[in-house]
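Have a look at the structure below before the remarks.
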Amino acid sequence: MLTFIQRRSCYFVFLAFLILWTSISSDAERLFHQRDHSDLQSLNQHQAQPITDPHTAELFLSKYGFLKPVNWEEFLHEEPDEPDFSFLEFSELNIEEGFATPRSRDANLQNDQKLHDPQFITALRDFQRLSGLPVTGVFDEATKKAMNQPRCGVPDIEAEIRHLATAVSKRRRSGRDVGVGYMAFSKTVLRWRLIGEGYSSQLSVEEQRYVFRLAFRMWSEVCPLEFIEDTASPLEEVDIRLGFGTGRHLGCKQRFDGSGREFAHAWFLGDIHFDDDEHFTGPNAGKGISLLKVAVHEIGHVLGLPHIHRPGSIMQPSYLPHESSFEVDWMDRKAIQDLYGEKNGFRIQPPVNQVSYLYFYSLLPGSQFWRYDSDQDQVFRRDPEGVTYPRLISEGFPGVPSPIDTAVFDRRDGNIYFFKGALVYPFSVDSRRVARGYPRPLRSVFPPLDPRDHPESHLDAAYFSYSHNALFLFKDTSFWQVASVRERRRRPHLPKNSLLPQRQIHEQWFDICNVHPTSLKLNP
C-alpha cells in the first residue's frame, strides 16, 4: 500500500508528464481534416491580444516606436507577467456582487492618467497622423480600430539605423551604408532560401516557393538586383532566409503574437519570418492574407526600405484588403532605386531559336515564324486558310534569309523590315517580295547624323512606336530613333530614315530589366 508521500510523488510525476505532453503536442504539426483547410479557423487557438484600453494602446505605441524610437534589432519581446491566481477568487466574487476590486480601481486610475499623459497624447497624435486619421490625441474608436488592423511587425519609427551595421555583421551579412539611416546590400546577385525547418502548415512547400519566386521577381523588375533560389549552399552563405513559425520561433529575438495582428517581420539585410498562426493564402485566392503581398513588403525591408506611410505603397505597415493586381508603384520604385540604382537595360543574347516580335503580322524565331491571331491573343497552330505553323521564313517571305536578327513592320511605308547582320531586307506585304534593289547595308538604309554614331550590324530589336509615330532600333543597352516625318518637317536637312543620336534605353523606358532564367519558371 502506497504511503501518502509516495502517492503525492506519483501525482507530481503524472502532472509533470501531462504538462510536458501538452507543451509538445501544442507545437506539433497541424492536422487538417478538410482538403481546403476550411477547418483552419477552429484550430487557430493563438489569438493576438486586442488593443482595448490606454494600457494596451501604450504597449502598442511603445513596440512600434511612437513613444520612443526602437532599436529593432535589439528590441526584445517582453513576456507577459505571471497571473496572480491568489487574487482571482476575490476578484470574481466582488465583480459578481457589483463591487470594484482594488486592482480594477488601480487599472482605471492608470488608464485615466495615461489619457492625460503628454507623452502618450503626442504618441497617439503621431500614430494618427501616419495612419491618415484625424489628429486629435484622443484614444477614440477609429484609433483603436487602426491599431487592431493586421500589420507588419517592424516598427514604424526606428532609431538611427546605422546600428544595424553591427547587428548585420554579427550575422555575416554584407552591406554598405548608403546614407543617413539606410543600409543596402553591397552586391547585386542575392541568394535566398525557404528554410526546411520553417515551412508553413497551410500551403504546400511548392506553393510557398512559387509565391516567393514571384515576390522576388517583382523587385528584380524595378531595380538592378538578381535573386537566385539556392537550396544547396551552406545556410550561412544564403543572403535571405525565409521561414514560418509561431510564438517563439526559429531562434528569433521577437515573438509572434498569434492570429489577428502581426503577420510577419524582417531584418535589414537578413531574414524574413511569417506568423503561421495567420491564414496565409496563395495569389488570387480572394480570402485570407495574401502571402505574395506580405512577402513583397517584407523583402522591401530586407533590401533596406523602411515603412512608407503613403496610400498605394507596398511598404505601408498595415495590411490592406486583398488586391489581385497590386504592384510596386512608382514612388516605391524610386525608393528602392535610391538604394541600388536604376534599371539600365541589359545585353540581349538570344539563342538561335530566340523568338523575335513582328508586330501586326507574325512572331518570328531564328528561322521560323508564326502567324498571330490578335482576336484570340494567341498564335495560330492552323490559320483560317488551313496553313499550319510554325513555318520557315523562306516559305512565308520569299527572298529573306534565315536566321534573322529581328524584324519590324513600318506602318509609314507598309513594309516589313528584316535585319540580318549588316543588311536590311524590306519586304512588301502587298507584292509579297523583297523590295527592288535590296538587300542594302544598314548604314545606307538608316544613315547616321554622326558617322561615328551607328549600330552598324546585328541589331537586338526593332520597334515601331504608335505613340511617337517613329521607328526605334536597339543594340546592347542603347537605342536610336529613326527621324519621323514630323521631325523631318521641322528639320528639312535630315536625310530620310536618318538615325537621331544614340541614347540609353533607361532614359526613355523606365525599369527595363533582365530577369534570371530561374525566375521565369514560375509554375508551382
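Quick reminder: no glycine exception, Cβ is built from N, Cα and C everywhere.
Because the structure is a prediction, the values reported are computed rather than measured.
The feature signal peptide is assigned by TrEMBL to 1-28.
Residues near C152 (Zn(2+) 2 binding site) in space but far in sequence (CB under 8 A, at least 6 apart, same chain), listed by position: E262, F263, A264, H265, A266, V294, H297, E298, H301, H307, P317, S318, Y319. The annotation Zn(2+) 2 binding site is assigned in TrEMBL to C152, H297, H301, H307, M315.
The Ca(2+) 2 binding site annotation in TrEMBL covers D239, D271. Secondary structure at D271 (Ca(2+) 2 binding site), as computed by DSSP, is strand. In sequence order, I240, R241, L242, G243, L250, C252, V302 are the residues near D271 (Ca(2+) 2 binding site), counting only same-chain partners six or more apart with C-beta under 8 A.
Residues or ranges marked as Zn(2+) 1 binding site in TrEMBL: H249, H265, H273.
Among the features that TrEMBL reports, Ca(2+) 3 binding site is placed at D257, G258, D275, E278. Classification of E278 (Ca(2+) 3 binding site) by DSSP places it in coil, neither helical nor stranded. Under a cutoff of 8 A between CB atoms, and with a sequence separation of 6+ in the same chain, the neighbours of E278 (Ca(2+) 3 binding site) are P150, S259, F263, I289.
Taken from TrEMBL, the feature Ca(2+) 1 binding site applies to D276, E278.
Feature annotation from TrEMBL assigns repeat 'Hemopexin' to 401-449 (among others). When pLDDT is averaged over the repeat 'Hemopexin' (401-449), the result is 90.
Taken from TrEMBL, the feature Ca(2+) 4 binding site applies to D405. Look at D405 (Ca(2+) 4 binding site): DSSP puts it in coil.
What TrEMBL records for A407, A462 is Ca(2+) 5 binding site.
Mapped onto three states, the DSSP output places Y438 (phosphotyrosine) in coil. According to TrEMBL, the phosphotyrosine annotation covers Y438.
Per TrEMBL, repeat 'Hemopexin' is recorded for 456-502 (among others).
The distance from the Cα of D405 (Ca(2+) 4 binding site) to the Cα of H249 (Zn(2+) 1 binding site) comes to 54 Å.
Each residue in the repeat 'Hemopexin' (456-502) gets a DSSP state, and the totals come to 6 helix, 17 strand, 24 coil.
DSSP assigns H297 (Zn(2+) 2 binding site) to a helix. Nearest neighbour of A462 (Ca(2+) 5 binding site) by Cα distance, taken over the binding-site residues D239, H249, H273: D239. For the pair D239 (Ca(2+) 2 binding site) and H273 (Zn(2+) 1 binding site), the Cα-Cα distance reads 14 Å. Other residues of the chain with a Cβ within 8 Å of the Cβ centroid of H249, H265, H273, the Zn(2+) 1 site, are G153, G243, G245, L250, C252, Q254, F256, A264, D271, I272, F274, D275. Here the Cβ of D405 (Ca(2+) 4 binding site) has 22 other Cβ atoms within 10 Å, regardless of which shown protein chain they belong to. Taking the centroid of the Cβ atoms of D257, G258, D275, E278 as the Ca(2+) 3 site, the other same-chain residues with Cβ within 8 Å of it are H46, A48, T246, F256, S259, G260, R261, E262, F263, D277.
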